[in-house]
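Asks: A single structure is presented below for examination.
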Amino acid sequence: MAQPLISPSILSADFARLGEEVRAIDEAGCDWVHVDVMDGHYVPNITIGPDVVKALRPHTDKVFDVHLMISPVDQYLEDFANAGADIITIHPEAGAHTHRTVQAIKALGKKAGVSLNPATPESALEYLIDDIDLVLVMSVNPGFGGQSFIASQLRKIKAIRKMIDATGRDIHLEVDGGVNPETAKDCVAAGADVLVAGSATFKGGPGQYAKNIAALKGAV
Ligand code: DX5
Ligand code: ZN
């Protein structure tokens, strides 16, 4: 089995030293940088906005994997694109016009992702899959880092892997929430190729990041 790409969620980083933290995970061997944007409306937490993404952009050349948990979302897409997002992922549960939002992300020249909450079935992707570059399966309810992996999502990951393979296109299948070396193994076996990991990357401080990322990559 191929090793997964690792996208550490900076939600678990030290927010007072965010630039240094991004450089540290870059040097520790992360593949992407996962940025969790929360608005206190769609999810019960508030994190960061496009200005912070812009401030972090010079600190690494790695892919900025921006996960928008905000509603409404359309009016902020351009700000995140201009701030340096490479992939912009949105939630169909957060708005009425997901197809329009996906088209808007692509029109900005960015890769478009769609994320499904734990209670959202894979069928929500049926009329979107041909237009998107990434599916993000939430294996916790969005809003906070450090929650436990919801095992029922493995069945959804398997089903989405089949859907993706049937398209014949190169669409990433990413998992977010409660990913650690044990659950990582199950996710990759189910068909995921990108793993978000907040707590499991940042635990123990900067001296541990390389070891933590290697443990996630090696858990296949
Ligand atoms: C939850 C976020 C996740 C979260 C992951 O809403 O989308 O990215 O920070 O954190 P861990 O890896 O600690 O579960
Ligand atoms: Zn996320």
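Using the three backbone atoms N, Cα and C, a Cβ is placed for every residue, glycine included.
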Asks: Of the residues D176, D186, D193, only one is listed by TrEMBL in the divalent metal cation site with H34, D36, H67. Which is it?
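Replies: So the divalent metal cation site in TrEMBL includes H34, D36, H67 plus, from the candidates D176, D186, D193, D176.
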Asks: Please state which member of S9, S115 TrEMBL lists alongside H67, G143, F144, G145, G146, D176, G177, G178, G198, S199 for binding substrate.
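Replies: TrEMBL names S9 for this substrate site.
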Asks: Out of the recorded positions H34, D36, D176, give me the one sitting nearest to G143 (substrate binding site) by CA distance.
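Replies: Checking each of H34, D36, D176 against G143 (substrate binding site), the shortest Cα distance is to D36.
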Asks: Whole-number answer please: how many Å between the C-alpha atoms of H67 (divalent metal cation binding site) and D36 (active site, proton acceptor)?
Replies: 5
Asks: Which has the fewest other Cβ atoms within 10 Å: S9, S199, the binding-site residues listed?
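Replies: Among the binding-site residues S9, S199, the sparsest Cβ neighbourhood within 10 Å belongs to S199.
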Asks: With an 8 Å cut-off on Cβ-Cβ distance and a minimum sequence separation of at least 6, pull the same-chain contacts of H34 (divalent metal cation binding site), or say none.
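Replies: When sequence neighbours closer than 6 are ignored, H34 (divalent metal cation binding site) has S7, P8, S9, I10, D65, H67, D176, V196, G198 within Cβ distance under 8 Å.
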